[in-house]
Amino acid sequence: MSLAQHLTAQEGVDRNDRIPDGQLEALDSPRWRRMSFDVLAPPEVQSIFEQDPEPRAAAYTVSAAWRGFQVAFALVSCALASGIVFGFASIKPVFIARGVYYELCRPDGSSEPCEAISSLHSAPQGCRHACPDQDMRLNLLFIVASITTNVSSLFAGTVLDRHGRRACVTASALFLALGSAFMAASDPLIGANGYLVGNFFLSLGGSFLLLPSFQLSNAFPKYSGVIVALVTCAFDSSSAVFLFYRLAWSASGGAFTPTHFFVVYLVVPLAILIGEWTVMPAQPYHIIPELELKLDKARESDHDFHTSDDDISDDAELFRVRSNRADRRLTEVGQIESLTGNADERRERAQQEGDRLAASGVWGVLHGLSAREQMKTPWFILLLVFTALQMLRINYFIASIRSQYEYLLGSERDAVLVNKFFDAALPIGGVASTPFIAVVLNNMSVAVMLALLTFYVVLIGLLNCLPYMWAALATVVSFVVFRPFYYSAVSHTATTIFGFATFGRVYGTIIFVSGLFNISQYGLDALTNGPLSGNPTPVNIVIAAVSTVVGVVLTLFVLQKSKSYRQVSLKASSERGSLVSGSRVNGYGTLH
């Protein structure tokens, strides 16, 4: 799974100065900053209003219907392409039946034999379930895809920030086309094996597609939180692409081979490329702070008077000219307010955002520090370790769910039922859990949120060790809710604690290190299929135990720090008022 695919906001406010170690410092007005994944950005990032202006599109000059179509196109594109590699559990049985990597199942008895399938459209050596070596090699496809998605998010973000959305999406279409071509050309019957390279490019394409899609949240600034949540839902639901393919493959009796599917799938990157250059905006839309600056300027009646007025001698003509200017100016005011809301709506939104930040308990605790200083703190180290462990746990479960429950339940039939339930629940859970995630992120403190995450870690760890069907189904339900909640919570925590100014470097490091740590999943597969003889319980127990310890330590650390930080922050309550009047960011999934 990828951290970059679950963002909570695209821009926000940072403190200018932090309150360190119980000492009160003067708090300047909070600064607006945009979220950036550019790890090569200068260490000291300026606020939005101090940066060099970049080309932006004025949403109020584009009809609401056309902007709605742009958002819909982005959502459909993401649902079809942004995270299809995470539907690996759905397509893995197809690969097994086709005999992908079956050559690793040695006939000398050193690997378990596979039960052959007699099917015209399956490989002659196809099998119902993979032998250990074959299973490990298939899981490697997903490991590479997961690592690529996380690491490539940094490069995708850098391209987006430096070269714009069209360069990013064009690259995405190219990568998706290459991935589809490699997958289509791969066939175990003729010895062609491009599955690893194909998964690599499909992962790259997903990362380069999704990040630009978040920018469309500003097509409707009042509802930007909803759009961010919908884009995230589209990413989660994209894992269903392989599920629908597997259903089509089964319905066709195996005639609709992976080659046929990926040839047809080439239509998707082609449509994305055409749509990007014909439908989507060339530049991102203005964010609310920029719109409010325009609104303030549009309200200035001084713009109705020009130096050229001295050339008009007729008073009636002069009045008509100035009236036309005023009408155009007031029309622009109305257009901008249709996006941002009127003064009362903006004030209410600012108040709600101020309440949300205050509820976090630790907003701004490390704002004002350099990225290097932030990464030396226990905040960063504990969050990094917890994140890396959970990413490993999540991806290990996705890749090995069927083999795990074949062992735990002692029944291939029951394991297949669990796998099918998981295939359907994974995309549905990502979408259905969005309201729950919105409530938690917008209303609970970071400490409470981390405590809830730790509870899920313990719950899933216990359920995943029980050899009962009810426990297997409960594990799946808990997992599909926990997965999107966890990744959204990580980005939310990062912006709350570390701020937007250093986001690219700090959060990027978390993504990069966690992605590389996922290489150890291959070792877990080797351990499970080798010395443990297919028993996943010891691995699950160790991961759950270590994760629980780290989660408890992180929660207690944040709880203790939030209490002391709150005491110091109360001394600056009068200065904190500037936050309420200056905050304008929408929360995750909110209807503001």
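Numbering starts at 1 and runs along the chain as displayed.
The backbone N, Cα and C atoms fix where each Cβ goes, glycine too.
Some features that TrEMBL has for this protein:
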type	residues	note
REGION	1-24	region 'Disordered'
TRANSMEM	71-91	transmembrane segment
TRANSMEM	140-160	transmembrane segment
TRANSMEM	167-186	transmembrane segment
TRANSMEM	192-211	transmembrane segment
TRANSMEM	223-248	transmembrane segment
TRANSMEM	260-279	transmembrane segment
TRANSMEM	379-401	transmembrane segment
TRANSMEM	421-441	transmembrane segment
TRANSMEM	446-463	transmembrane segment
TRANSMEM	469-486	transmembrane segment
TRANSMEM	498-519	transmembrane segment
TRANSMEM	539-559	transmembrane segment
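Distant neighbours of the transmembrane segment (260-279): 69-70, 73, 77, 80-81, 165-166, 169-170, 172-174, 176-177, 180-181, 183-184, 198, 205, 209, 245, 248-249; these residues of the same chain sit at least 6 beyond its ends, with a Cβ under 8 Å from one of its Cβ atoms. For the transmembrane segment (223-248), the partner stretch with the most Cβ pairs below 8 Å, chosen from 71-91, 192-211, 379-401, 446-463, 498-519, is 71-91.
Scored on C-beta pairs under 8 angstroms, the neighbour of the transmembrane segment (469-486) with the top count among 71-91, 446-463, 498-519 is 446-463. With a cut-off of 8 Å on Cβ pairs spaced 6 or more residues apart, the transmembrane segment (539-559) and the transmembrane segment (446-463) reach 3 or more such pairs and are scored as touching.
The transmembrane segment (498-519) is in contact with the transmembrane segment (140-160), judged by 3+ CB-CB distances under 8 Å for residue pairs 6 or more apart in sequence. Between the transmembrane segment (167-186) and the stretches 71-91, 192-211, 379-401, 446-463, Cβ pairs under 8 Å are most numerous for 192-211. The stretches the transmembrane segment (71-91) and the transmembrane segment (446-463) do not meet in space: the count of Cβ pairs below 8 angstroms, excluding pairs fewer than 6 apart in sequence, stays at fewer than three.
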